[in-house]
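To start, the structure itself, in structure tokens.
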Amino acid sequence: MYPAHLLVLLAVCVSLLGAASIPPQPLNLVQFSYLIQCANHGSRATWHYTDYGCYCGKGGSGTPVDELDRCCKTHDDCYTEAGKKGCYPKLTLYSWKCTGKAPTCNSKTGCKRTVCDCDATAAKCFAKAPYNNKNYNIDTKKRCQ
């Protein structure tokens, strides 16, 4: 083997090792973002909901700061209940469509239906709830006790 080939092989191995340490993104969250866009008609980018209040985004504690944050807490609770039924909400993919500018679940039964219902209900709740910029990226240690 030529030295240049060894360098290429080494570079590939190093890049694969680096990629192995990157945690995978839950597949369902991509689908959930599409449901949100369907429900709010694209009026607000999905990332606006990833660090909002005490419950929108990773984790959650304390009292929700407003109606939108309550939507996120309800969604978290729905995922918890789905998990108790043996579902893996963040990994469960389901069938849905955007009808009448609202997400509709096509999956009929089981975990796919349960998780889709959680996501569709949350997406519709997000679309109806007012968005308060002051509740984006708040200090959760102070406000979410």
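Cβ atoms here come from the backbone N, Cα and C positions, even for glycine.
Take the Ca(2+) site that Swiss-Prot assigns to Y55, G57, G59: the candidate from D76, D77 listed for it is D76. Reviewing C71, C72, C78, C87, the cysteine that Swiss-Prot connects to C125 via a disulfide bond turns out to be C71.
Disulfide annotation in Swiss-Prot: C87 is bonded to C111, selected among C56, C111, C116. Looking at C98 (disulfide bond) and C87 (disulfide bond), their Cα atoms lie 24 Å from each other. Cβ neighbour count within 10 Å across all protein chains ranks D119 highest among the recorded positions D76, D119. Listed in chain order, the extra residues whose Cβ falls within 8 Å of the Cβ center of the Ca(2+) site residues Y55, G57, G59, D76 are C54, C56, K58, G60, C72, K73.
Every protein chain considered, the tally of other Cβ atoms within 10 Å of the Cβ of C72 (disulfide bond) stands at 22.
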